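Written below as structure tokens is the structure these notes are about.
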């Protein structure tokens, strides 16, 4: 380990910054954010540094660097464009026992500045030992997306109860277990969402109860159309916190790999006419698991409120007083259309888009065909693979031309994606001959003509295939 990671308390400590350019400005911002009493030595200052000096946030020492300026300093930063000056600052600081950083010169530095994720009082630092700063910044950018701003609020909330928790749980292990239950789950969500009053009341209740009766919750999460890169940050965080996950056939296997490793997995089916669990049983299972104090992830393909029966599930949760949260996902229609190069609306082709389901109810496809066959619109059919022939014929029987462009997109947004494009007359045969199976969507409308020109997604030579009618 080349550098020992520490955090310095610099509030009201004297620090010297040598240099007045843009690089020095970046260092000044960090030092001021830490509360340092900052002096900047340089003949001239960049405009923003000069503005900070005018406002009294730092002191400008006009002129050139001299060793005596280091006297009484706690920390020094050399940020000029002159390597000799920077090295002189480093040598003089070393001689006085002052921590010194030389920008872009780890060898001359006694300390380096890491890439920082600031969720004060929570701080995360990432460093590459000064060898590849760009890599550290890249990792910081990834972590930024996984650590919401609300974590700072959560850290302050926890700090305010630290003494009370320590008094209630003298045993270190018991205290740790208590904090683990508090810092993940509904109480933490309430804090991060700004409902601190409710969180405080719940926290006081839990402390008084000795941490018993951990409250469970259900997270209804849209997993998107299949590509893990299309998950929302919130969805990913909840997937990695869940104690148990209920998933169905429409959730891509790649997405399940992102669920917490030790989470219990419950397959609930939902394939056409082959449900591992009936919907009522799924609803009740969500209630039962939450009542056991578990964080339950109900993971659904696409968006839970678009033909996902999410409304039925949370209605049951609400009836039983179970805490729940809904995380929207990219609905399959949006994902499939975008990755197949088929705009759902287009000024020249379609002024509206309609989503329908191709599932039969009471033995027939009960849709408003008069509305669906109007010109200048796109119709997207969910769950229509098994009824494709009937659907396409119904479009024609109700007024759409048999030559109307139509497409089916299978396993949209994944490497297994296949798109077959044809017409209402030809599509069922194309789907059958190419073995198109669920999960797949059918898109009907003139916008399908654009797929030949706008199809862009192809991970490799053999993935994301587009098949056009001969």
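In case you wondered, yes, glycine gets a Cβ from its N, Cα and C as well.
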- According to Swiss-Prot, 225, 301, 302, 303, 383 bind S-adenosyl-L-methionine; which one of 333, 350, 412 is listed for that same site? 412
- Item | Model confidence over the region 'Uroporphyrinogen-III C-methyltransferase' (216-470) (mean pLDDT, whole number) | 91
- Message: Tell me which of the binding-site residues 23, 383, 412 sits in the most Cβ-dense spot, judged by other Cβ atoms within 10 Å.
- Response: 412
- In whole Å, note down how far the CA of residue 128 (phosphoserine) lies from the CA of residue 383 (S-adenosyl-L-methionine binding site). 49
- Message: Rank the binding-site residues 225, 301 by how many other Cβ atoms lie within 10 Å of each Cβ and give me the one with the fewest.
- Response: 301
- If you run the three-state DSSP split on residue 22 (NAD(+) binding site), which class comes out? helix
- Message: Please identify which of 22, 44, 248, 303 has the densest Cβ environment, defined as other Cβ atoms within 10 Å, among these recorded positions.
- Response: 303
- Task: Determine the minimum-neighbour residue: among 43, 302, listed as binding-site residues, which Cβ has the fewest other Cβ atoms within 10 angstroms?
- Result: 43
- Query: When the Cα-Cα distance from residue 303 (S-adenosyl-L-methionine binding site) is computed for each of the recorded positions 22, 128, 248, which gives the smallest value?
  - Reply: 248
